[in-house]
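Student: According to Swiss-Prot, the record shows the following:
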type     : residues : note
CARBOHYD : N4       : N-linked glycosylation site
LIPID    : C304     : S-palmitoyl cysteine
TOPO_DOM : 1-15     : topological domain 'Extracellular'
TOPO_DOM : 74-85    : topological domain 'Extracellular'
TOPO_DOM : 150-178  : topological domain 'Extracellular'
TOPO_DOM : 257-262  : topological domain 'Extracellular'
TRANSMEM : 16-38    : transmembrane segment
TRANSMEM : 50-73    : transmembrane segment
TRANSMEM : 86-107   : transmembrane segment
TRANSMEM : 128-149  : transmembrane segment
TRANSMEM : 179-199  : transmembrane segment
TRANSMEM : 233-256  : transmembrane segment
TRANSMEM : 263-285  : transmembrane segment
Amino acid sequence: MPDNSTTLFLAIRASYIVFEIVIGVCAVVGNVLVIWVIKLNPSLKTTTFYFIFSLALADIAVGFLVMPLAIVISLGITIGFYSCLVMSCLLLVFTHASIMSLLAIAVDRYLRVKLTVRYRRVTTQRRIWLALGLCWVVSLLVGFTPMFGWNMKPTLESARNYSDFQCKFDSVIPMEYMVFFSFFTWILIPLLLMCALYVYIFYIIRNKLVQSFSSFKETGAFYRREFKTAKSLFLVLALFAGCWLPLSIINCVTYFKCKVPDVVLLVGILLSHANSMMNPIVYACKIQKFKETYLLIFKARVTCQPSDSLDPSSEQNSE
């Protein structure tokens, strides 16, 4: 008969797997809906929403690939070292794809309020695709860096326990990589840069609104729309930071040889994955175009009408 500690361990693992499955399904369904909305609504085919499309793709990958892989890794199954390493690297790739997409969105909104008239000449279709490609190339390079030698294989071989290897994330990915390269270099620095950009965006908009109060109503309307959009996208950034920083802090604590309870680690992992299902909710609540298109899709599904000609009229809260 299993003792209480074993029963508790199994209950925690089972709960973790159930939550991962629920979060994964919600992330996939929600972000597929985001892509559907962008495809159907012509007014959303703008630079910012190309990057939101990229973010949604990364979140779909988290739900469809990362969460099943995270469940497999949490079980500590016995597989080859490099098979485990590839799975672990995929977890990292899509995390960094999300933050690179968020950075691209922040830069785009900055250019939108800074350049105004010259914005459309600067953000050409070619440059947009180059920026999207760069986001994913950087994510692949950062995420797959452990495949090029920065991994735990030398440590395992020197400890002579390589033959009975169990696949766990920290058994293949060094904490030095997670803390100094992945977190400090490619998560924390971009987060700080994005915060600085949004602070400057709000500063510019505030000044322009003050100036336009006694001049052109059209200018004031433009900057009020930009303010609403910037607030919504900053909320997306804040949620990303709030969901991912706890796990990064746990990694830092682990690096300095402090013991972290398994349940705390699992909650941190779940919180980071839950971020992938939050963005569609933010868009629905905060961006009018999304809300109206969501409702039209729902109405079309309920009444069995085709929805491929959607063109909802809504207030301009983006370009």
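Placed from the backbone N, Cα and C atoms, the Cβ positions cover glycine too.
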Student: Helix, strand or coil by DSSP: which one applies to the residue listed as 'N-linked glycosylation site'?
Tutor: helix
Student: Within the same chain, where does the transmembrane segment (179-199) have neighbours whose Cβ lies under 8 angstroms from its own Cβ atoms, ignoring anything closer than 6 residues to its ends? I mean 6 or more beyond.
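Tutor: Hits for the transmembrane segment (179-199): 92, 95-96, 99-100, 102-103, 106-107, 109-110, 142, 145, 150, 230, 233-234, 237, 240-241, 244, 248, 251-252, 255.
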Student: Where does the mean pLDDT land for the topological domain 'Extracellular' (74-85)?
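Tutor: Averaged over the topological domain 'Extracellular' (74-85), the predicted model reaches a pLDDT of 88.
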Student: Neighbour count, 10 Å Cβ-Cβ cut-off, for the residue listed as 'N-linked glycosylation site': what number do you get?
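Tutor: Around the residue listed as 'N-linked glycosylation site', other Cβ atoms within 10 Å: 7.
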Student: Which sequence positions outside the topological domain 'Extracellular' (74-85), separated from its termini by at least 6 residues, show Cβ-Cβ distances below 8 Å to it?
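Tutor: Here the qualifying positions are 13, 16-17, 146-147, 151, 153, 156, 162, 164-168, 171-173, 266.
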Student: Most CB pairs under 8 Å with the transmembrane segment (16-38): which of 50-73, 233-256, 263-285?
Tutor: 50-73
